[in-house]
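Here the structure is laid out as structure tokens; the discussion comes afterwards.
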Amino acid sequence: MDAPAAAAPAPLPPPARPSTPSYSVERIFRDFTYRRVALIRALTTDEKAFSRKCNAATETLYLYGNSDGSWELRPPKLLMPPGQPDPRMLGVKLVRGNMKHSEWLGLVAVHCDAWLIRISFFLGANLGAQERQRLSTMINSLQTVREAFVASDTYHHICRLEKTNVEIDDEDEGCGTEPTICANCGSRYRRKGFWICCDECDRWFHGKCVKVTAAQAEHIKHYECPDCFSDKKGHDYDEDPYVV
């Protein structure tokens, strides 16, 4: 009598798939909030330090908003794990090109928002539909990084400097098809002279004609020429017209 055939070995269980740890809505939102505050600080309060580090770098850097409320710039990691990495490891890539400083910072802010959303929903992969909706509502209750940046004094100051220190290629042609004329003395634009534009009437002036220096202009958020300032009702003629 033949011996019974050996039973086929049981199939091996499939390899365990890595799973995303479970996080509560409150914990994810807290992580989002701290990282958001850090990124806003980098682009506003700490903008000069942030830009200085970017300008001094010899390689592409990535901006990170950390969960402790700090920000940092780091080069890309040399060894990335296979597959889709944790978005917290990626950061925000900083590539400027030929954009104006204000436009570049605004674009960085947009990518910061996208990075924050990606992290939050990566951490919330195990949330149910109602919890995801609640998380979205909590996130939407806050300004985006870009909205906070555009509303900041830093953004308006940078835009003001870009407008004031604009360089015109042709000394005689000025802006557009018409020569730029000083509204005070009538002289044409000269490249090396300091000029300032009134935010009320959009007329340009020699700095010396309105007694404003380049150093003073850096601290003026909204400049009004003497004529526009004098036209205001209840004008105090003892006030300094360019300090606004």
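Glycine is treated like the rest: Cβ placed from N, Cα and C.
TrEMBL does not curate its annotations; it predicts them automatically.
Record note: among 1-20, 41-60, 141-160, 1-20 is the stretch given as region 'Disordered' by TrEMBL.
Taking the domain 'PHD-type' (179-231) as a whole, pLDDT averages 80 in the prediction. Across the domain 'PHD-type' (179-231), DSSP assigns 9 helix, 8 strand, 36 coil.
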